[in-house]
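Feature list (source: Swiss-Prot):
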COMPBIAS  359-381  compositional bias 'Low complexity'
COMPBIAS  395-417  compositional bias 'Low complexity'
CARBOHYD  57  N-linked glycosylation site
CARBOHYD  76  N-linked glycosylation site
CARBOHYD  83  N-linked glycosylation site
CARBOHYD  86  N-linked glycosylation site
CARBOHYD  196  N-linked glycosylation site
CARBOHYD  242  N-linked glycosylation site
CARBOHYD  263  N-linked glycosylation site
CARBOHYD  268  N-linked glycosylation site
CARBOHYD  280  N-linked glycosylation site
CARBOHYD  292  N-linked glycosylation site
CARBOHYD  305  N-linked glycosylation site
CARBOHYD  329  N-linked glycosylation site
LIPID     419  GPI-anchor amidated asparagine
REGION    359-418  region 'Disordered'
SIGNAL    1-19  signal peptide
C-alpha cells in the first residue's frame, strides 16, 4: 500500500513538472511584429505582455487614454507614440533597451511618460508635448536627444548619461534648468529659445564638438577643456561667462547680443582656430578675461560701446581685423602696434573709436608692414558706426540653421559657406543676417 502511494505521488509530481514546462515554453522570449505594427487600444498593447523582446517597429496612436507596455524588456526597432490626442499618461517601466528610436510626438494632453528601466536607446525625440510635466528614464547610452516644444520645467531623465552625439533642446518655454553629467558631445550641444530663466549646468563636460547657447540665463561648464569646432553665445541674459579650463576652440568663437553680460573669464584659452566675434553686448564695457589668447586663425571682429579690449598676449590674427567702438575712450594703439609688426594678416585692418578711425589695406601674403609696398593707411575723425544685430536677425539666422535629423547631412556644406562669409574682407559691408547665419552655422 505504501509502495502504491509512493508511485502515485511520484507520478503526480512528474505530471505537474511536465505541465509547468509546457506552460513556460508557451511564453515566447521574442516576438516578431510587422515593420509598421500599430496599437490604438490597451488591448493591443496587452498582446505583447507575454514577450520579453519585440522585433520590429511599434507605433501607438488612436484614442488611447492611458497606456502601458508591460513586461517587454527590449525592442529591436523603434517605439513611436504619435498623435494620440486623448493620451494622458504612458508607462513602459520594464523596458531596458530600444535599438532604434523612442519618439513621443504631437501628444497634446500627455502629462507624464515613464520609462524607469530604460538604459539604452539610439535616439530620443520628445516633440510637441505641450502638457507634459514629467519624463522618467535611466538612460545611460543615447546617441541623439531632441527635446522641442514641451512644457517640461527641468530635464531630469538623463542623469546617468555620460556621452552623446547630439543634445538639442529648443522652444521649451517653461524650462528653468538642465543639469547633466555628460562628459563628451561628439556632434553638437544646442539650447535655444527656451525659458528666459533657464540655467544650464554641464560641469562634467570635458570635450565637445560644437556648443551653441541662445536665450539662456546662466551657464556652468566647470571642467570644459576643448571645443573641437565652434562655441557661440547669442542673445542670452547671462551676466558672466566663466570657462577657466577651456584652452582650445577649433573654429569660430562668437559672443553676440548678450545685453546683460559684464564679465568674461577664459583665462586658459590660447588658440581660436577660426574667427573671434564679440558684438553688441551692451553691458560689456571692458572686454577682458582673454589674457592668454595668442592665436586667432580667422577674423577678429569686435563691435560695441566698450572702453577697453585686453588682448595683451595676442601674437597672430590670420584673417584680418575689424574693431569698432562707439566710445572715444577706447584706444587702438595696441592693435595698431600688432598690425605694424605683421601680427595681423588677411585682407584689411580696421580700428575705430568714437573720435577716429584707422583703416589699412593688407596683403594676405605679406609677413610684415615693412614688406608691403602698396599698403594704404587712412585716418579720419568721423565717428564709428555701430553694426547692430537685432533680435529679428538672430532669430532669422537661427531658424535658417536649426538642427534636425533630416538636415544633418547638409550642415557641413552650409557651414563652409558660413565660414566664407565670416572670412570676407572686413573692410567691405557684410549683411547682418548673413554674418549671424555664418556664425550659427559654423557652431552647428
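From the backbone N, Cα and C atoms, a Cβ is placed for every residue, glycine too.
Projection of Swiss-Prot feature records onto the structure.
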| residue | record | DSSP (3 states) |
| --- | --- | --- |
| 57 | N-linked glycosylation site | coil |
| 76 | N-linked glycosylation site | strand |
| 83 | N-linked glycosylation site | coil |
| 196 | N-linked glycosylation site | coil |
| 263 | N-linked glycosylation site | strand |
| 268 | N-linked glycosylation site | coil |
| 280 | N-linked glycosylation site | coil |
| 292 | N-linked glycosylation site | coil |
| 305 | N-linked glycosylation site | coil |
- Given the glycosylation sites 268, 280, 292, and counting only Cβ atoms in the protein chains shown, which has the most within 10 Å of its Cβ? 280
- Same-chain residues at least 6 apart in sequence whose Cβ lies under 8 Å from residue 242 (N-linked glycosylation site): 220, 263, 265
- What residues, ordered by sequence, lie under 8 A Cβ-to-Cβ from residue 83 (N-linked glycosylation site) and sit at least six positions away in the same chain? 61, 105, 106, 107
- residue 57 (N-linked glycosylation site) has its Cβ surrounded, within 10 angstroms, by a count of other Cβ atoms equal to 19
- Query: Which glycosylation sites from the set 86, 268, 280 come within 10 angstroms of residue 305 (N-linked glycosylation site), judged by C-alpha positions?
  - Reply: 280
- Task: Can you see whether DSSP assigns residue 242 (N-linked glycosylation site) to helix, strand or coil?
- Result: strand
- Item | residue 196 (N-linked glycosylation site) versus residue 292 (N-linked glycosylation site) - Cα distance in angstrom | 32
